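Trainee: When I checked Swiss-Prot for this same protein, it listed these features:
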TOPO_DOM  1-44  topological domain 'Lumenal'
TOPO_DOM  66-73  topological domain 'Cytoplasmic'
TOPO_DOM  95-154  topological domain 'Lumenal'
TOPO_DOM  176-189  topological domain 'Cytoplasmic'
TOPO_DOM  211-245  topological domain 'Lumenal'
TOPO_DOM  267-270  topological domain 'Cytoplasmic'
TOPO_DOM  292-339  topological domain 'Lumenal'
TOPO_DOM  361-376  topological domain 'Cytoplasmic'
TOPO_DOM  398-422  topological domain 'Lumenal'
TOPO_DOM  444-464  topological domain 'Cytoplasmic'
TOPO_DOM  486-526  topological domain 'Lumenal'
TOPO_DOM  548-875  topological domain 'Cytoplasmic'
TRANSMEM  45-65  transmembrane segment
TRANSMEM  74-94  transmembrane segment
TRANSMEM  155-175  transmembrane segment
TRANSMEM  190-210  transmembrane segment
TRANSMEM  246-266  transmembrane segment
TRANSMEM  271-291  transmembrane segment
TRANSMEM  340-360  transmembrane segment
TRANSMEM  377-397  transmembrane segment
TRANSMEM  423-443  transmembrane segment
TRANSMEM  465-485  transmembrane segment
TRANSMEM  527-547  transmembrane segment
Amino acid sequence: MAVALQQQSKTNMGPKGITFSGNTFTVPETHDMVKTLFDPTVRKSYFELVILALLASNGLVFWLVKTNSTRIEIFIGLYLFWRLSYNFGIGYLLHQQSNYHKLVNWANKLNIFDEKNHSIASRLIKSEISAQMGPKYKISKYPVDFNTWLVFRKVVDLILMSDFTTFIGVVVTCAMDNDLQFLNTSQQEPWIVYSRLIVGAGLILFNLWVKVDAHNIIKDYAWYWGDFFFRQINNEDLIFDGVFEMFPHPMYSVGYAGYYGFALIAKSYRVLVVAVFGHFLQMIFLHYIENPHIDKLYGPSGNEADYQKITKIKDLKNFDNLKPLVGLYNFSWLRAADLLTLIMVTTYSVIIPAFASSIVGTAQFRGAKINIAHCMFALTVAIKVFESLSINIFLVLQSYYKLFTKRYLANDIPIEKSLSNWAIIYNGLISWTYASFVGLNFFHYITGMEYSKFYFYDWVYLRSFLGALLILTQVWINSSIIDSIGYFGWFYGDFFLPTSPQRSHLTKAGVYRYLNNPEQLFGVCGVMGLTLIAPSLENFVCCLLWVSNNFFRINFVEKVHMIKVYGEKEVFQDSGVTKTFKKQLIPDVISRRLSSNDEAPNFGRHRSTSHLVTGITDTLESFIKELRQSNAKLSRQNLLELSQNLYFDNSDYQITIDNLQKSDDRMPKYTTIGTPIEITWKCPENHSDKDWIGLYKVVQTTYSRSKTLISSSGRWTWVESTRGSYVFTGSKLFWEEGIYEFRFHLDGKHEVAYISEPFEIKAPKIEVPDTLSASKEFAEQLKLSVFDPVTDIKIPSIESPICDTVEKSHHLLETYRRLAKLISTSTGITISSNFLFNAGTEHELSVHQLSKKLINIKKVLEDLSPAAIDEKKRQ
């Protein structure tokens with residue numbers, strides 16, 4: 001029923017109402033259905049007496065009809081009549097009133113409430129209203145809209161009370177069937193009988209609490225669909241309090257829990273089917289009558305609705321402007337990934353089980369028979385374990401290191417692609433696990449279910465009904481989650497893309513209004529449902545795997561990341577269910593005390609957990625960084641000893657490196673990557689013409705002073721005279737940071753005559769600017785420090801295409817690799833060689849364009865950094 005937000009403050013004048021034509025009035029006090037009909041102190045109108053008589057007449061069925069099976073059929077027929085009158089009769093009237101104001105127009109057209117109208121119908125209706133509202137009520141002083149609503153209320157009273165009474169008739173007659181089956185302990189174990197009665201009574205009491213709490217909140221105005229006829233002033237929004245904060249549309253959802261409680265008590269599948277049918281019709285009524293009217297009155301304005309649609313469309317840009325595949329939903333024949341997913345799902349859910357069933361009993365391996373059932377089970381478990389580990393590990397790496405995002409940026413691929421491709425991987429893995437689980441059960445079905453292996457095999461129809469209900473619940477919950485957080489949230493988008501201002505807070509709309517993590521339980525209830533239908537050991541193990549992985553992923557992967565991005569206050573905000581339980585079960589004084597004291601420990605506990613993980617990660621990163629930089633941190637003396645240069649102090653052979661730079665006496669001399677290195681040598685007159693000098697990494701040669709045991713890989717030159725010089729450049733250089741040395745070798749062999757002083761090759765450090773306005777200066781620095789040393793021919797200007805110069809190099813691909821590596825090392829922004837020759841597909845990439853791309857990449861990575869996220873949270 002349409003729900004109004006704020007309870008009006010009780011004043012002597014009562015709440016104010018306004019008709020859709022603009023007339024204002026004071027809304028008089030009215031009574032609820034139960035008090036009106038059954039309270040003897042309240043005066044009854046003629047129509048109310050007729051309603052009571054009709055309700056009592058249902059008892060004639062027990063007196064006039066002697067056969068219980070006939071009674072059941074009569075009551076089912078009566079219930080169907082009143083249920084259809086409710087959902088389609090009242091539904092039709094409300095639809096006409098909501099869209100065309102038909103009921104009010106009919107009253108105006110017939111002058112029903114006109115004092116001069118003395119027709120029988122007019123007099124009866126006015127008499128009914130006077131009896132209902134009391135002698136002080138003046139019909140002419142109130143709008144036709146309000147008086148029409150009062151008449152409509154009596155129609156509702158008749159239909160709703162008759163609907164419930166005939167349903168109780170179905171319950172009683174079915175419970176009486178088969179020698180009082182609902183209490184008969186000879187037909188069922190006593191503990192089961194008592195359990196049924198207790199659980200059923202609990203559901204009925206819960207249903208009663210829902211109805212009473214709902215009525216206390218929304219009053220008669222919304223209970224009788226008052227907002228179809230007029231509006232109460234200052235009630236522009238929907239209410240979310242009490243039971244409305246715990247469940248979506250409680251009058252239509254959990255408000256029918258009592259129906260299933262009656263079915264349990266009656267021990268009747270007939271009652272269960274009738275309850276399901278009635279509940280189903282009620283959901284249709286909600287969807288086609290109630291929700292459209294709620295959206296019209298309380299929903300967003302036209303501009304707001306358009307904005308929401310535009311936001312959803314914009315979100316699709318992360319998925320190539322198409323709705324991504326979820327399971328097999330949004331399937332498109334034009335997407336290769338969708339076709340592959342369909343083939344995979346069909347293969348594992350149908351083809352493999354069908355093939356496996358055909359070789360049961362005949363399959364052998366090395367003469368031994370293979371248990372195909374065990375193989376199918378092992379396959380399902382292996383797939384689920386693989387999916388769990390791969391997705392969890394991947395999300396952790398993405399959360400802390402942005403592994404996937406950096407990989408895409410390094411190849412000049414838009415970061416939106418990282419999310420769209422992740423969505424394909426994620427959906428494929430999830431679909432694979434569900435297909436294998438369905439396939440396992442399909443295999444057992446076509447090979448013949450061994451019911452003896454079930455933990456319980458009674459109540460087949462009940463188990464099937466509850467199992468199907470759980471499966472449908474998971475489908476509905478998943479759909480509701482996507483409606484609330486979109487495909488961006490469904491595929492963990494905030495692990496991959498920077499949060500925008502529109503996503504600076506966690507949503508509390510839709511299903512998230514009632515539960516903080518609806519997927520924690522309901523996200524795998526479909527697996528529970530299938531396990532309930534076929535309760536075998538294999539299914540229980542699979543169900544445990546699904547539930548455990550779901551719990552771990554939400555609490556130790558997703559929640560940790562959410563705290564990092566949105567903050568603990570957002571993540572640990574009470575859900576609607578929690579708020580209502582606190583309000584109902586904990587006194588206000590204690591609740592306030594707990595809320596003030598409880599948040600700090602919670603904060604500390606979760607903070608310590610997240611900080612522990614972050615601390616371990618930071619320590620590991622620091623250790624690796626120090627390890628990589630350890631050569632640069634060695635003292636000059638240690639390096640000399642490490643390279644064993646001191647052993648050749650008095651040698652007749654000598655190598656001098658001419659163009660090294662010096663920064664500190666304690667540190668070795670250095671040059672930058674790509675800079676040509678000039679050496680001079682001297683040796684005795686009688687040296688061999690086959691003497692040669694090679695360039696090596698110190699860490700690879702330190703264990704051998706007298707002989708070099710590794711190849712120079714082309715980084716060498718002949719010594720043709722007693723004195724001379726040579727410039728190592730291009731492919732004869734190392735293109736990575738490290739500590740190096742030159743070695744003088746004798747007679748074309750690897751015996752060492754001299755080892756030069758060690759020196760360092762460093763990458764030039766280039767600071768990437770924060771804004772595009774500094775891109776030209778940045779480009780000039782890139783050209784001078786990176787491109788000029790690497791390319792054989794210097795690039796003419798920063799606006800010249802890079803490819804024109806690189807293509808003139810002797811080693812095209814190697815030059816691209818060197819450029820990419822040096823740019824990555826110098827700027828701290830990792831790119832690949834593909835970045836350089838793919839980036840200029842439409843326009844040839846220049847150094848200036850490259851500098852702009854690097855600035856943009858830096859901005860994206862900074863937006864994804866913990867510091868930026870913390871700054872956004874503070875704002």
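For all residues, glycine too, the Cβ spot is worked out from N, Cα and C.
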Trainee: Any contact between the transmembrane segment (377-397) and the transmembrane segment (527-547), i.e. 3 or more CB pairs below 8 Å with pairs at least 6 residues apart?
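Mentor: The answer is yes, given that the two segments have at least 3 Cβ pairs within the 8 Å cut-off.
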Trainee: Which sequence positions outside the transmembrane segment (340-360), separated from its termini by at least 6 residues, show Cβ-Cβ distances below 8 Å to it?
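Mentor: Apart from its flanks, the transmembrane segment (340-360) reaches 325, 328, 331, 372-373, 375-376, 379, 383, 427-428, 431-432, 434-436, 438-440, 442-443, 446-447.
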Trainee: Are there three or more C-beta pairs under 8 angstroms joining the transmembrane segment (423-443) and the transmembrane segment (527-547), sequence spacing 6 or more?
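Mentor: Yes, the transmembrane segment (527-547) contacts the transmembrane segment (423-443).
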Trainee: Which numbers of helix, strand and coil residues does DSSP report for the topological domain 'Cytoplasmic' (444-464)?
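Mentor: When I sort the residues of the topological domain 'Cytoplasmic' (444-464) into the three classes, I find 11 helix, 0 strand, 10 coil.
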